[in-house]
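**Q** What TrEMBL records for this protein is below:
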DOMAIN    1-268  domain 'Myotubularin phosphatase'
BINDING   53, 54  substrate binding site
């Protein structure tokens, strides 16, 4: 993504060879610098060192869920705020918002390009890259823009929806990163409601759609896996590739499949 001042937001994964990684880092930094109108320096943000990891986020979410299902609620009401704080969920949401805001300042005010570094480049960087763009670009605060942002920074960038949402019940890889992003977006929505086209209901529906497992958008770990599974299914059933009987899933963005036109007015 590029800012109107020429600064760029770039995502980069790491490789195991340290020496080779340094060479790649230098090449990418040089290329990003040359692409900037002012030949400005590049700011590198190591997300693995700066932000909570996926295991910490999952542990916080487990505590948060347990807090929300305690019965009877009257017995825990007096300690609700302290118990919520102890889950660390809001602390982690704040950490992502704070770091994203710092990168916004670097991009917009200091006119520096930013490189997001992460081991695999498709977990924490999905959240940060998305939040930065929501903060900086009004287009991504519209429904169409927000959907294109998720498609670009999550679906096509290879966020592991299958593993992170634990659709196959392999809990060791589960982590609610997409939910954390939606929560962080909701925090912004609450503070600046006039800046957003969509509502809290829309964000809730988006999260619900990740749990339904009917939509190909949020069902696989990558576009490659989506194509691979569809192809293997077709071959196993002797279905000619491209045939309508093949393995096809509807897109979550066709909201008319789930909601009437009247229902969809609640998205705004």
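Positions of Cβ are set from backbone N, Cα and C atoms, glycine also.
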**Q** Please work out the number of neighbouring Cβ atoms within 10 Å of the Cβ of residue 53 (substrate binding site), leaving out its own Cβ.
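**A** There are 14 of them.
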**Q** Which of the three DSSP-derived classes (helix, strand, coil) applies to residue 54 (substrate binding site)?
**A** helix
**Q** Counting across all protein chains present, how many other Cβ atoms fall within 10 Å of the Cβ of residue 54 (substrate binding site)?
**A** 16
